[in-house]
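These notes are about the structure you will find just below.
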């Protein structure tokens, strides 16, 4: 008889453990009971007992930014960022005595304070550590006139011309350009060949001549 009691006690305990493995108490803890009609409940950090998941505390709840404004960003390492006075963004807290951003070092961008230093998030047409270097397009001087210039993501061939007659090259005045395959920043790929270029309508004939 005692053996049956122990057996059913073990089965009951295992069943209850399975319940806690399958329920969602959120940020709280699953508490088992001996009541078959209420086999468990969730105990929240606030002290409340509920059958619903306990809410997670916002990373901004304890005001980690001090004088700044806290913004919850789950993808960041601490789950938040601080918008500090002086248009400064910090990943930890606002502290004017150690922040490298309070001198506004980012000339054409926003300064973001990291754990040990800062970095600049530059405006679209600027680059460099302090956003002081202007990005100059290879097409800015209109080298393809009267055709259309396409910026390329290629250090050796920075641009390619699409000329009025449908030919590609580095100029619309001459077609003696080196053979290369380059990727356009517009995500279009083109093959530049020398010494001949194919009209798109007659591309098949170029491969069989």
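Easy rule for this one: first residue shown is 1, then count along the chain.
Just so you know, glycine gets a Cβ as well, placed from its N, Cα and C.
No curator has checked TrEMBL annotations; they are predicted automatically.
The shown structure was predicted, so the numbers you read here are calculated from the model rather than taken from an experiment.
TrEMBL has this to say about the protein:
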type: SIGNAL; residues: 1-16; note: signal peptide
type: DOMAIN; residues: 97-132; note: domain 'EGF-like'
type: DISULFID; residues: 101-111; note: disulfide bond
type: DISULFID; residues: 122-131; note: disulfide bond
type: DOMAIN; residues: 135-173; note: domain 'EGF-like'
type: DISULFID; residues: 139-149; note: disulfide bond
type: DISULFID; residues: 144-161; note: disulfide bond
type: DISULFID; residues: 163-172; note: disulfide bond
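Considering only the disulfide-bonded residues 101, 111, 122, 131, no residue lies within 10 A of residue 161 (disulfide bond) on a C-alpha to C-alpha basis.
The Cα atom of residue 172 (disulfide bond) lies nearest to that of 144, taking the disulfide-bonded residues 122, 131, 139, 144, 149 as the candidates. In the domain 'EGF-like' (97-132), the DSSP tally of helix, strand and coil residues is 4 helix, 12 strand, 20 coil. In the domain 'EGF-like' (135-173), helix, strand and coil residues by DSSP number 0 helix, 11 strand, 28 coil. By neighbour count, meaning other C-beta atoms within 10 Å, the densest spot among the disulfide-bonded residues 122, 139 is 122. Cα separation, residue 163 (disulfide bond) to residue 122 (disulfide bond), rounded: 34 Å.
Cα proximity to residue 111 (disulfide bond) (within 10 Å) is found for the following disulfide-bonded residues from 122, 139, 144, 149: 122. Listed in sequence order, 138, 139, 142, 143, 159, 160, 161 are the same-chain residues six or more apart from residue 149 (disulfide bond) with CB atoms under 8 A from its CB.
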